[in-house]
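Step one of this worksheet: look at the structure below.
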Amino acid sequence: MARRRVRKVCVLALVASTGLALPAPCAVAAPAPSTAPHRAPDRPTAPNSSPNLTTEPHQPAGPGRAGQPGMGSVGALLAELQTHYRAAGEASERYHVIEKKLTRQRRTTQRLVARLAEARAELADARNGAGRLARQRYRHGIGFTSFSPYVRMLLSDNPSRVLDEDHELRRADGRIAALEARLADTEVTADFYATRARQALSRQQSLADRRKRQRNVVRDRLATVQRLLASLSTDQLAAIRQLETYGSGTVRGVGAQAPGALFTPGALDTLGAPSADDALSAGGTPTTDRLPSAEGARAVRYAIDQVDMAYARSAGDPAAHDSAGFTARGWAHAGRDIPRTGPQQWRRLPHVPLTQLRPGDLVLYFPGATHAALYIGQGRVVHVPRPGAAARVSPIATNPLLGAVRPDAGRRALHQYTAPRLPGARLDPARPARPARPAQGTRAAR
């Protein structure tokens, strides 16, 4: 009996403990925050358009369609090319600085060599004169030079002749002393010019070596550009040419609206220039743009005559046909010598506001003035986009503008001006270069 009671108590205790351990009702857990990135809702579709993007026709990329596929790559190529252009321009600037120093040093050397030749001739003449006087003195004074004039008068049959000879000997002694002093000075002068001439020749040789090294640097820069251009496809070259012609620039110190205002022909009116019809495209129509001087008109005509003319690279100057050299040749044709490089043009020529440009002014680009163009009116310039390329007409703000200079500052403007007719179509980047004219020198078809 006792065992049954004990067993029953154990069973009841087990049941009681099991009942206390029954599971509670299941609670619904709150949703855990998602660790996946938040996805923006789809952009609403325009009315009457299919949401399926694959059904839309594909638009080909092109240099004139900003934001289209391929535009970034072409822009990057142009930026890389422009970097090489500027590097070549800076190397060309250093080359021409060295060339100018070498030219001055050559003139200095020639002047010193000429002075040295004169000093040596004078020295030889002084030596001959001193020898001649010494021989004359010896001839007149032989046998009597150890006696005083009084003793020689007593011993001579002709005392007056002794007096005359003594007088001549005294004069000869004075001339000999003067010639000896002159001879000493001439020797010092000759030594001085000989030393200066040697130093000048040494410096000239050093500058010639520097010029040769810098010429090789310019050639390497241009070869880099040529290799990069040769690696591009026809479509890329056409796109880059169009960007070089139409690419938008920025204007320093003119305002936010200036790039767009300067980009299109005739839009300089928004910056304060008088309005005018597009006379350059038609040709032969007088413009109401600011009128050039007679020299400026000749420079403009020369620049327009060179449009689409391809130039062969100069053997002596690897960057002879660059942008600044092109503008310098235009003004040389007009009868005025101006600095050969863009930085020198920017430093030495009078500055003019972009709102007061007149045909013939020079427009400088980039912070270092590494690119130059010649303004022809109506918001357009003629320039060489890269060394060795053909000259072309572009909007003024094709590249980032630095400012403008006027080579003929102070010259009166013409009372009447007819803009030259541009060859072929206006601003056509696909137009091939015209064949070279044999009469124009080192030009060759591109």
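From the backbone N, Cα and C atoms, a Cβ is placed for every residue, glycine too.
Here TrEMBL gives region 'Disordered' for one range in the set 87-116, 117-146, 147-176, 417-446: that range is 417-446. Feature region 'Disordered', per TrEMBL, maps to range 274-294 of the set 232-252, 274-294. Model confidence over the domain 'NlpC/P60' (293-414) stands at 87, taken as the mean pLDDT rounded to a whole number.
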